[in-house]
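Listed in Swiss-Prot:
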DOMAIN    2-119  domain 'VOC'
BINDING   His5, His62, Glu115  Fe(2+) binding site
BINDING   Cys96, Cys97  roxarsone (III) binding site
Amino acid sequence: MKYAHVGLNVTNLEKSIEFYSKLFGAEPVKVKPDYAKFLLESPGLNFTLNLRDEVNGNQVGHFGIQVESTEEVVAHKNRLAENGILSQYDEINTTCCYALQDKFWIHDPDGNEWEFFYTKTTVEENSTHPPTCCVNEPNVEKAECCSPTASSNKDTSNCCS
């Protein structure tokens, strides 16, 4: 297998190209008026953006990029922040999908969630939290707390874990 392929419907191709260029640290290899293609070698990914008039909700649970260390999670978070893409929420030593992980989450221009995560070890027990870590489910409390429009003086220390 050479490449995994994801075709993502988007409502604003220009904003999406800008976002994903920053996310992947690469420019698309092909751009048309209604289409853009990123071809990444590591990880092997053929990722296309397909312009649509509307996208109704998050049609996927979430996307993720697994890295090899907590330091790499932090490096990606810092790299994206330097490019204007801020973490929506961070999870350190969180139990998710029967694994102990460090991660952070961001959203693309259409609201699709991406996580950068490092799996420290497997665990026998799954999280006691609602299953939003592995499957995206609407969480109004988390969204209000962790959204970029949330008040900067609001205490968010416990709402995003």
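Including glycine, each Cβ sits where the backbone N, Cα and C put it.
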Arithmetic mean of per-residue pLDDT over the domain 'VOC' (2-119): 92
Tally of DSSP helical, extended and coil residues in the domain 'VOC' (2-119): 25 helix, 51 strand, 42 coil
Site with most surrounding Cβ atoms, counting all protein chains shown within 10 Å, from the binding-site residues His5, His62: His62
